Ligand code: AMP
């Protein structure tokens, strides 16, 4: 199995690259942010609870998030592995993910791929996206800078844990989309 933790700040091209990895290696993507948004849209109990945190820009408590993730990992799939997107975000979640992948899939996290893009380029890309996406959080430079700062503060400890395990790989996220995909593919080929 190939189990990838995909890291990347807002604007790093993570969505596009996740899509290319899924197609290339037949993976299933699990995005905790998407799962919360789905639950909020359908007004489920979980959605209502998550909304009270997400609206404040806070993390949803670990237990609720992890339970939701387990349900998703347990669903039958013919994929060759998973891309975890937006999880883990804390040291506790990192340990939980290791446990879940072992217990449910009898496997392990293969690699943590981290897309690296200079802050100034991220701001530029997001402001440009904001012109057409209609996302209010993409149209204000101050909010954009805060989201980027938030990302680094939250993920630093998770990155450190994967570094200690020798599973952390940084990829330059600036350049042609295909060129970046090829670099990611090469890293996945190494662990196949
Ligand atoms: P995202 O789309 O990954 O940026 O997630 C949107 C929001 O969902 C985050 O700002 C958090 O409030 C919540 N969220 C997503 N993933 C997690 C997680 N692993 N742990 C806690 N909260 C999360």
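Even glycines carry a Cβ here, placed using N, Cα and C.
In TrEMBL, annotation is done automatically, which means it is predicted and not curated.
What TrEMBL says about this one:
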{"type": "BINDING", "residues": "11, 12, 13, 14, 15, 16, 129, 175", "note": "ATP binding site"}
{"type": "REGION", "residues": "31-60", "note": "region 'NMP'"}
{"type": "BINDING", "residues": "32, 37, 58, 59, 60, 86, 87, 88, 89, 93, 135, 147", "note": "AMP binding site"}
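Structure coloured by features recorded in TrEMBL.
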residue: 11; record: ATP binding site; contacts (Cβ under 8 Å, 6+ apart): 117, 121, 122, 123, 125, 126, 129, 144, 148
residue: 12; record: ATP binding site; contacts (Cβ under 8 Å, 6+ apart): 115, 116, 117, 122, 173
residue: 14; record: ATP binding site; contacts (Cβ under 8 Å, 6+ apart): 6, 7, 8, 85, 115
residue: 15; record: ATP binding site; contacts (Cβ under 8 Å, 6+ apart): none
residue: 16; record: ATP binding site; contacts (Cβ under 8 Å, 6+ apart): 177
residue: 32; record: AMP binding site; contacts (Cβ under 8 Å, 6+ apart): 65, 68, 69, 85, 86, 87
residue: 58; record: AMP binding site; contacts (Cβ under 8 Å, 6+ apart): none
residue: 60; record: AMP binding site; contacts (Cβ under 8 Å, 6+ apart): 36, 49, 50, 53, 54
residue: 175; record: ATP binding site; contacts (Cβ under 8 Å, 6+ apart): none
Query = Sorted by position, what residues of the same chain at least six away from residue 13 (ATP binding site) have a C-beta under 8 A from it?
reply = 115, 117, 173, 177, 180
Remark   = Near the region 'NMP' (31-60) in space but 6 or more residues beyond its ends, with Cβ under 8 Å, are 68-69, 72, 85-87, 89-90, 150, 154
Ask   = Around residue 87 (AMP binding site), how many other C-beta atoms are within 10 angstroms of its C-beta?
value = 23
Request  = Could you list, ordered by sequence, which of these binding-site residues: 12, 13, 15, 32, 60, 175, have a Cβ under 6 Å from ligand 1?
outcome  = 32, 60
Key: Under 8 Å by Cβ from residue 89 (AMP binding site), same chain, sequence gap 6 or more   = 59, 154, 155, 158
Message = Limited to the region 'NMP' (31-60), I'd like the whole-number average of pLDDT.
response = 91
Key: DSSP helix/strand/coil residue counts for the region 'NMP' (31-60)   = 20 helix, 1 strand, 9 coil
Query = So for residue 129 (ATP binding site), how many other CB atoms are inside 10 Å of its CB?
reply = 16
